[in-house]
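Asker: Below you will find the structure I want to go over with you.
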């Protein structure tokens, strides 16, 4: 039975400046800085998600045709697990940190690193995983001690309305608010001053966000997409390749920024791959994708038309699928064999269930094509021998990579995630979500008794350089040819470790070994 979801309503534009000012003012009251406050807000958000799970499932079904299982594993349980993990570790992460590798002369100045909140942040979420990719950054912002305004995607209106209800019911409204709306409301938000903007979405909109942030030098984290390549050699297990890459394109009906945009396949195994894709499709959807409760729909008519146009414009040949239903916004998982690297199915991000396959002669050709299509994609998916995979990882850049699978690196909740180059800037997830929303602030405290040692810095400087050099100038451990120098005396004093720290560790290990040996010999003698 359908639930009565809250209605979606645009936030009045005239109200936006006042809402932002209220949330910004709250930050300066220091209310969000105590760790206990942050933990309570995170825990309340957790229970808000638990209590509204039925609404979340219904909203994702309404917006994206998403199945209950997909919603649970990629939306509700994902965020709940994220909150639990961060809550368990927050006190440890937030502690003042003693930096490593401080020179002896500076050690007595007690250098420390504080983890300070950034301030009032703006989080703009996407439509494809509306709760996960909007609440995920919010969890990091709360953990970091910030106040936040959340702007969900208007393309998933049911989900946006439920998010607004969850935050209103669960969190302190003076610290965290939702602004709903489309382009005008987003423009009004971008006109405000922020201490950070976190955006997840397309590269085109990412450019708009970055441009809006530039005049005030507002830092931004951009989680964008990419024309992600999968590279399959003849040494790969083609049966596994088909099942895993097909899953990557049927999950959420292919509306996943991490999924492969195209597959470059050794020409000798193309027929086998196509046959295995058809077999996997029959296994996953015995009655067809359209009749399956496990296969989603495209989010909007606009996105449906965009994907359809890409398929209409390709010069490739459809070898599997191709069925569409505009009324249901249904697009069947579709495999297309293409021969031209400039085909739009390769050069444009499909963000849908299209699976272009392009035959290649060898790994070198695949690498060359991948680098020409998109030099810095969000994901990379190599399948082949150990040496082939190593070569691909070395010669093709990407935000992340999953070897022998489809975007595994993107579905580990505690593993750092982010793009590189024009596929994104900045990272989050797990510990990185906390780090994303704090400033690592170095602080020193210089005691009065150091004044005589510091006198070297005060004018007049005549004759003081020698004293400074004795205290602070390091000697290189390399020669003029760039080769490492490893002196005999240093080798002996550090027990071959090369540094004082390694030498101490080795000496400690030898001491423990000596004691253990003595105990063992004593027991032998006693026997």
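Here the Cβ of each residue, glycine as well, is placed from N, Cα and C on the backbone.
Note that TrEMBL annotation is computational and uncurated.
Pasting the feature list from TrEMBL:
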type	residues	note
DOMAIN	14-439	domain 'Aldehyde dehydrogenase'
ACT_SITE	223	active site
ACT_SITE	257	active site
Asker: Residue 257 (active site) to residue 223 (active site): how many Å between their Cα atoms?
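Answerer: Cα-Cα, rounded: 9 Å.
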Asker: Within its own chain, what residues at least 6 apart in sequence put their Cβ under 8 Å from the Cβ of residue 223 (active site), listed in sequence order?
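Answerer: Counting only residues 6 or more apart in sequence, the Cβ neighbours of residue 223 (active site) under 8 Å are 133, 198, 199, 200, 201, 257, 417, 418, 419, 424, 426, 428.
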Asker: Across all the protein chains here, work out how many other Cβ atoms are within 10 Å of the Cβ of residue 257 (active site).
Answerer: 28
Asker: Grab the pLDDT values for the domain 'Aldehyde dehydrogenase' (14-439) and give me their mean, rounded.
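Answerer: Average per-residue pLDDT within the domain 'Aldehyde dehydrogenase' (14-439): 97.
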